[in-house]
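The structure appears right after this line, and notes come after that.
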Amino acid sequence: MAELRRDSTSSLQRKKPPWLKLDIPTAHVSVDEVPAFVPPVKRQGFHRSASMPVETSHFHSPQRDIIDHRRAAFQRQSSITQTIKRGTADWFGVSKDGDATQKWQRKSLRHCSLRYGKLKPQVIREMELPSQDNISLTSTETPPPLYVPSSQHGMQKIVDPLARGRAFRMVEEVDGYSVPQTPITPGAASICSFNSSRSGLNRIPRRRKRESVAKMSFRAAAALVKGRSLREGTLRRAHRRSFTPASFIEEDVVDFPDELDTSFFARDIMMHEEMSTFHDEVFESPSDSTMKDVDSKQLDESELTGSALDKSELEKSHLMLPLERGWRKVKEKTPAPPKIRLKQEVVSVNGQRRGQRIGLPVKKLFAREKRPYGLGMVGKLTNRTYRKRIDSYVKKQIEDMDDHRPFFTYWITFVHILITILAVCIYGIAPVGFSQHETVDSVLRNKGVYENVKFVQQENFWIGPSSEALIHLGAKFSPCMRRDNQVHELIKKKQELERNSACCVRNDRSGCLQTSEEECSSTLAVWVKWPQHPSVPQLDGVARQHGSVCHQDPRTCTEPASVSPHEWPDDITKWPICTKYNSGNHTNLPHIDCTITGRPCCIGTKGRCEITSREYCDFMKGYFHEEATLCSQVHCMDDVCGLLPFLNPEVPDQFYRLWLSLFLHAGILHCLVSVCFQMTILRDLEKLAGWLRISIIYILSGITGNLASAIFLPYRAEVGPAGSQFGILACLFVELIQSWQILAQPWRAFTKLLCVVLFLFAFGLLPWIDNFAHISGFISGFFLSFAFLPYISFGRLDMYRKRCQIIIFLVVFLGLFAGLVVLFYVHPIKCEWCELLTCIPFTDKFCEKYDLNAHLH
């Protein structure tokens, strides 16, 4: 080996020109000397607001990395209690670990920029001040180099700080980057440009914006049509991002001792950027004009891009192209001059492009905007903006926020639409209008004659089922959720009248009916009353005092039989339903041998029972009981309420109607209003807070609103998520309050939002709109938003304040909910003047159907 090395050296010396002289000093290293690692030179990071560079450095040592790796293996694992405690603190946003908190705070501030108007000037200015993650000015002002081919590796590198103002290459609008063209220097590369291109992009993970559900569905359908696997396409797809953080970490490590100061060449751009307003492309999608410029300029790429970059060599050197400083998007009012941008695609030597691009219409279809904290959709409608100066810490919190996918919004909207369609298809549509609908017809009554009867039904202007059908489906209705005193007294009065009734048998034996003595004709019929009538049976040797009952007698019923010790009581209201009689056709008992013309029928929604004919019961849309003979043998409230049977037939217990009614709607129009609200306001807020927080606020606000409505409007069937929607509106106020310090005109935004909510409350004073659910849902949603809706913090003191705030508002909400439960179940109240909060009687009959002293039919 030594001889071969000596031969090669001698051959090289023979080829060396006589005029070339190389003096290479020999390095002498002793045996005991430990080789020292030379730390990399610190690179100067330039900020906008600083005239002098700030030095930041990294020191890397292989030995220290090995030691740190070994130490990490012996770290003690945290206990389960600490893990649960830390996870709970992270979920509420009060953890000591600043990563999760800062991520949420950055997202919150970004969301604020689209909802509540312009920010204060100092806030926007502070957002543009240097922070720990801003990209260095050198990397933004120095053009990137062209890649040096392998055949030219031996040539010298040239530092070219004046390489500006040359031709540009075009970047696709998907990436949105604008980078100046590198001057073409044959066989050379700019060292300053090379390190500038590596400044921030190599160390920051290129996180791409999450795709929408529609875009993923479109890609999956395309993969199925082409016969390819969706996973294969996902793995083959390169990692990209649709936006770039507003700053990068300014710590660069270079491999050479010299460093250039380019702040002089960036002075004009710094002055121009300081005068610009805060309008970031992070919050917006690319405009149509920009997309068209991209397509029109792709034809001239070959003349501007220079030589193509070899893909394998480019990956080896980890060359990444920097961003144009600021990556601002010009407002539509003042169109910017056209720029020729650098194409960020990695191109092979033969000129082929990597991957394919979706067409312009598809790009526009799937373009998604990120929701800035404090602004959002409502902020766009009210022209809300940030201040001009925002603290860099607050700005960092906004940038770290990611939009959540509105899974809960899509799920609840799908459920609402599906249930509404099924309800309309099964129960039909009630008469449409705002008044009462009357139907008159001639119907066979219980006395065997035809009579003109009238059926009154409440109209439904929402184009949906009737109130009785909505109660069957699970509407909020107090008599089905507790034992209502008025309904219970009505049933007791009916039982008292029935206890003193008897069977009225016509003289011609053509029919019989259970009535009182006043309703039985003394000339055409006989009122078989015990013990005056000779057909009275005995009970323990004593004549029975109550009876008789048409088609039911203890002596003729065999199942259940009236035998000792299970004899039927003297009180006929406690008699059971007889399911089997004696087979004899003639018993010589007038109330048994007659033809019965009326049986119990449950009519209305208040538990009213009548013994009438089947024809009349069907006309009144009641529930006819063919098997019973007395109203005391049936439970009308069980028929009216439906759903699961009561545990105790005399005590309604369907408390689950408080949240079941949130999924129902009064009609098609009602469902459309909810869908519009949820796909705009609810979807926008869920992007900010996530499905779990929004679902908690949505459901708990709706339950609280329904509970208050059940207290003050007990006899009115209510459906729909009115309380939930006003609880979501309360989230807008909480978000505005938390973003107060960064808004330019917070009082103006508050006034606009307050006017909208007051208008909705005033709209609730009209008939068929429950204002009690609106008010209670708004108050509960306000408390829950302070507890469950995290926000940006402005220091350590603000974090401690939030911890106290979470506890206080949770306690207040629990106290409010407990108070409503006590008023509903323990101490029911009857408020006479409360009806003015839900309906103002402009005329005598305007609020008749909403009277809290409901008429019990």
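Heads up, the Cβ atoms here are built off N, Cα and C, so glycines get one too.
Swiss-Prot assigns Asn771 and Leu836 to topological domains of the same name, so the membrane does not separate them in that record. Computed over the topological domain 'Cytoplasmic' (1-413), the whole-number mean pLDDT of the model equals 53. Packing against the transmembrane segment (775-795) from elsewhere in the chain are residues 92-93, 101, 104-106, 108-109, 112, 373, 391, 393-394, 397-398, 689, 693, 696-697, 700-702, 704-705, 707-709, 722-731, 733-735, 738-739, 741-742, 757, 761, 802, 805-806, 809-810, 812-813, 816-817, 820, 837: each is 6 or more residues past its ends and has a CB under 8 Å from a CB in it. Counted over residue pairs 6 or more apart, the CB atoms of the transmembrane segment (806-826) and the transmembrane segment (662-682) come under 8 Å in fewer than three pairs, which marks the two as apart.
Take the transmembrane segment (662-682) and the stretches 414-434, 694-714, 749-769: counting Cβ pairs under 8 Å, 414-434 has the most. Taken through DSSP, the topological domain 'Cytoplasmic' (796-805) splits into 10 helix, 0 strand, 0 coil. Beyond the ends of the topological domain 'Lumenal' (770-774), by six or more residues, the same chain brings 705-706, 708-709, 711-713, 716, 718, 722-723, 726, 760-761, 764, 834, 837-838 to within a C-beta distance below 8 angstroms of the stretch. Taken residue by residue, the topological domain 'Lumenal' (770-774) breaks down under DSSP into 4 helix, 0 strand, 1 coil.
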